[in-house]
Amino acid sequence: MGSLFRSEEMALYQLFLQSEAAYACVSELGELGLVQFRDLNPDVNAFQRKFVNEVRRCDEMERKLRYLEKEIKKDNIPMQDTGESPEAPQPREMIDLEATFEKLENELREVNQNAEALKRNYLELTELKHILRKTQVFFDEQDGRLTTTTESMTRALVTDEVRTVHYLGPVQLGFVAGVILREKLPAFERMLWRACRGNVFLRQAMIESHLEDPSSGDQVHKSVFIIFFQGDQLKIRVKKICEGFRATLYPCPEAPTDRREMAMGVMTRIEDLNTVLGQTEDHRRRVLVAAAKNLKNWFVKVRKIKAIYHTLNLFNLDVTQKCLIAECWVPALDIETIHLALRRGTERSGSSVPPILNRMQTYENPPTYNRTNKFTKAFQALIDAYGVATYREMNPAPYTIITFPFLFAVMFGDLGHGAVMALFGLWMIRKEKGLAAQKTDSEIWNIFFGGRYIIFLMGVFSMYTGLIYNDIFSKSLNIFGSHWQITYNKSTVISNKFLQLNPETTDYTDTPYPFGMDPIWQVAGANKIIFQNAYKMKISIILGVIHMIFGVIMSYYNHTYFKNRLSLIYEFIPQMVFLLFLFFYMVLLMFIKWNRYSAKNYGRYSASCAPSILITFIDMVLFNTPKPVPEPCEVYMFGGQHFFQTIFVLVALACIPVMLLAKPLNIMKQRRQGNVQPIAAGSTSDVEVGMSNGQISQGVDHHEEEEISEIFIHQGIHTIEYVLGSVSHTASYLRLWALSLAHAQLAEVLWNMVLSNGLKKENWFGGIILTVVFAAWAVLTIGILVLMEGLSAFLHTLRLHWVEFQSKFYQGKGYAFQPFSFESIVENSSSSSQTEGE
């Protein structure tokens, strides 16, 4: 079978590279993304490896690029992203890149420092301008030229009583002026009052405009203050308090003419600073715009260089120090492609010594590699979330493409809701290039977008099952016309809240509806749920048994591929017989009952004579004699049923000791004869493929053999799990019926309790009410029935595949193939850097 149904065949190779050509060859392999290297120096510290200095240089270049990126984002400059991935630079180009990054960083830091110094100077001059302007008002008040104060916030701190300004007239006072943060002003006033005992006079006024902090760039609010005092001791005390509150003091002349001259000089300097600051910002922006054009490519180049040297640190040096030795896992089908990549790398480096690639024989389990495309990737991710497949075992993903959306649709069957889901998935598929280019960090959106094909298929299958159920937003479609001929008069409809359909009467035409359910069941409120429950319950059991049988059949292909004769004879055959003779027989009884018994036949095959499938199955397993039934009914559905049921149960019971003991006893017998292959350690099935023609052993552990007691224990656990699981797993598929019923009833409740209220209103007022009610109904339908119910059905479908289906054949004990790939490394690095930035 192809790689779609099994993982790729892998081979372990030893690679010999000349030191001069190693970088270029690894670069070509990174672009290819098909080689997984092994660490040949597991005991060597990361700081003691050969290329640790080159890795440090790359780390330093990444630090500088992150600094540039931070500054670019601060100025909201768009960074160009062509979507192309440049090739990894040659080692000699690292020096040019380092010089470029060093020059940009130094230039940007110098510009930032100059800008910060200019902004600090500008802030000081702006504060001085406000001080000169505000203190002029204070001095004018002191001289008595202003009879009323123009400032809103003034306070005297001389005594407990507020004194007038005329008190200060004959006294020669000193003063200091400055600015302080507005939020510190109340505490500043209290401290002055207490420390100076009320012997100072404080005037303050707010600065209306915002000021910019040159260090952080934040907008701050400040106030101007002037403090009058008498004596040097108070002066020293006031200055210490100002220093403690980080208030900035500025010189303020006493003479009005000096203040005016200083104010004119300050305004001139502010204008000059504005010009210089504008030129500085323009230069800074030009530097950042030039860097933004190449920043994405620079990041990719540096990450590729770093990844190459990290990979080279996994290699070994030979004794001559001229050759690097590597070991790598390679898909067998891609050997020629890898040879061509190595040849290109050798030619690029100018080396004359070609690389050597030798296949190695090993008993180690190879990694599991399943090729995927954008369609199968999401389905493979569902399987790998349970566990990565054991090497070369059957891959459930191809079958999950059909079974997963179908089982989901059985629970979610509604033509309207399925159409909403399908349209959403189709929109993401049609716009996938643009949506993928956005690279959002929203985890929920990325999950939806990654599963766009799953969502689309789930919606399409739900539309199909919705047609089968004849259910669209809890209503039915009358496509082919009803096959019931019923005439209800007005009094019957009004007097009966629930109407009932009776197939025994002549109302039914004895011809089934062409596709799905007859729409007449929509009005049968009395027995609609009873009919649908019986139908969906049996369908869920039928689908579940078929799904489990298919899982057991998958185990047959595993046993035959690995030539596991013991598991094939003593596990697969009894498992299949046990499942067929008990549970598939129950499914056959359902079809026999549907085909043989009719509501209109008055005799042994009438509906009243039809035996219960559940009671029949219980009597069969317990060997009970069915209770007699009145004439003309019969206990059994067909002749010889009791004999066949007895044989089926006895054969099924006989399969249990075969599954439990046959395989361990045969292994013990073969070991005594000295003719047995080693057993896979920790596995419930012995993998007996040895080394042949230099091929890798599939999942075989040749280092030690499993103890016979552990084999008996494992086989016992496996048998008990299968026998009991066959019962519980069959019952577990009833969730298909239960969730389908819940979904249909919830949709009907939303229709009857929400939308129908708007449809009952008349005139123009009814139109307004209907608009509001429809909006509420649509929101509840999308939020509850599509999203919440869809998520619930998705999780139940996932459980049916992981537990009920895959447990029959899938071990999931492998480990994923993780090739050295530039594409994945760059994507992971980009996403992590975005997360750190946020």
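Backbone N, Cα and C atoms are what each Cβ position is placed from, and that goes for glycine too.
Over in TrEMBL, the protein carries these features:
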COILED    51-128  coiled coil
TRANSMEM  401-429  transmembrane segment
TRANSMEM  449-469  transmembrane segment
TRANSMEM  539-557  transmembrane segment
TRANSMEM  572-592  transmembrane segment
TRANSMEM  604-623  transmembrane segment
TRANSMEM  643-662  transmembrane segment
TRANSMEM  764-788  transmembrane segment
At a Cβ cut-off of 8 Å, and with pairs 6 or more apart in sequence only, do we get at least 3 pairs between the transmembrane segment (401-429) and the transmembrane segment (572-592), yes or no?
no
Excluding the flanking five residues on each side, which residues at least 6 beyond the ends of the transmembrane segment (643-662) place their CB within less than 8 Å of a CB in that stretch?
569-571, 574-575, 577-578, 581-582, 585, 620-621, 623, 715-716, 718-719, 722-723
Given a Cβ distance threshold of under 8 angstroms, which distant residues of the chain, six or more beyond its ends, lie next to the transmembrane segment (604-623)?
503-504, 538, 582, 586, 589-590, 593, 596-598, 629, 632-637, 645-646, 648-649
Taking the coiled coil (51-128) alone, what is its mean pLDDT?
90
